[in-house]
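Feature annotation from Swiss-Prot assigns signal peptide to 1-18; the stated evidence is sequence analysis. Under the heading active site, proton donor, Swiss-Prot lists Glu218. Here Swiss-Prot flags Glu341 as active site, nucleophile. Here Swiss-Prot flags Cys349-Cys394 as disulfide bond.
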Amino acid sequence: MLFNILILSALSLQLCTCFHIKRNLNGSNDVIWDYYDDSKKVQGVSLGGWFVLEPYITPSLFEQFGEDEKKIPVDEYTFTEQLGKDEAQKQLDKHWATYFTESDFKDIKDYGLNLVRIPIGYWAFYLLEDDPYVQGQEPYLDKALEWAKQNDLKVWIDLHGVPGSQNGFDNSGKRGNVTWQDDEENIELSYKTLNYIFGKYGGENLTDTVIGIEIVNEPFHSKLNETDMLDFYYNSYYDFRIKHNSRNFFLIQEAFEPIGFWNTHLNNDYTNVSKPFLNDELLEEGVPKNYFHDIVLDHHHYEVFSVDQLDKSENARIQDIKNYGESVAKEQEYHPSLVGEWSGAITDCAKWLNGVGTGARYDGTFDESQLVRTNAINGTAESQFKFKDKKRSCENVTFVEDFSKQHKENIRKFIEIQLLTYENSNSGWIFWNYKTENAIEWDFKKLVEHKLFPHPFNEYKYFYENGTQIVESAASGNPQNLLFITLSALLVSLSTLL
């Protein structure tokens, strides 16, 4: 037994260096936070559904419109449009005041987490003339920063939705067509919003709490003009560093670009890549030495938004995560990065996860055509549910009370391998989401309560710390098998270092 313990200890020590992150010498902001510090990873949660409504996070807000999904709002835009300004203001004032409170921040700290990512839409600060949105979120954002500071939590402020929608998802505030770049007014208001955020939240007075501002969440590069998108990133960086002289971290969401795409962008070592996107004013004044610094890349990774992903076996899903981690590890020398959204989901069965009226891929009811529906008021949209190729049922995989033992094990394994991989391959992780009303695969709090999320976070049941899976006989305590598996795992670990 003692020999086994010594072997395990040696294995853990070896693993500490498996994915050592190289330091990008352009970085200079260790005082605020060091994203290259292997001893202090980001371990965070998002506070989704608070300032940007998502039907699957808080379905009760949308269920008040009845059972006919043709008439249920699909996003915050149609929610406020359908209720009207006065009623929407009344309901959302209550929601903002109660959905997250000071006690949540204390609980988040008590769970051992160190960061919260706070999504917020442009409409919290400015409105287009015909916007139905209501305002009042900003005072609660300010309270959130106070609560975070009181509980020694760091904060990412994330501009989750921009005018016209950057991706067409309901989490951008407006589901349907991607029209962000179609109107110059949309772009101008996006810059105006960011400059307000940079000025108020990006200064040194908040660097003890805010350790990054994310300029736009999940712009869908394939549905955008990529050159214009890159212009927006570079111009926003100029505003951040030069106009506002911010020393904070500039966060870029990967825009669904392939891993490695951002290596040479916003990087002092690749001026030939950056130069076409630098504005004339900067070029005339002269680009400061080490102009690009303290830039962090935010990756989002899920395994449930395609039929191919859902059809994968448990082992294939686990291998996907390992491969993903290896790819992400290779980009660290260019920009530190972390996985800023991931979940425990191995199905897409949570009610309205894919959007109101769209069904689920898992059971064959998904109808992608419904994603372009933008007007829920007149009821003109057809509600089509496709039942072709129905192989599985969501009946026993939606609510934890119905989960089989095997399904629970599969979720726990999926979460464990992600924790292991994201801890070891980059600067950490931010789980989506801290809580929901009933979508447990996306609910950190419920997952921990039901022992589906390791707590403490390194309390692994199914994997050694190098990602080698523990076989059942070893886990059950058979000394000979345990020794054999442990030695095998050690050899695997050593081979990766040679």
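Using N, Cα and C of the backbone, Cβ positions are placed for all residues, glycine too.
Swiss-Prot feature annotations superimposed on the structure.
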residue: Glu218; record: active site, proton donor; Cβ contacts under 8 Å, 6 or more apart: Gln166, Asn167, Phe169, Asn171, Ser172, Gln253, Ala255, Phe256, His300
residue: Glu341; record: active site, nucleophile; Cβ contacts under 8 Å, 6 or more apart: Ser46, Asp298, His299, His300, His301, Tyr302, Ile430, Trp432
residue: Cys349; record: disulfide bond; Cβ contacts under 8 Å, 6 or more apart: Ala360, Tyr362, Asp363, Cys394, Val397, Thr398
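The local packing around Cys394 (disulfide bond), expressed as other Cβ atoms within 10 Å of its Cβ over all shown chains, amounts to 19.
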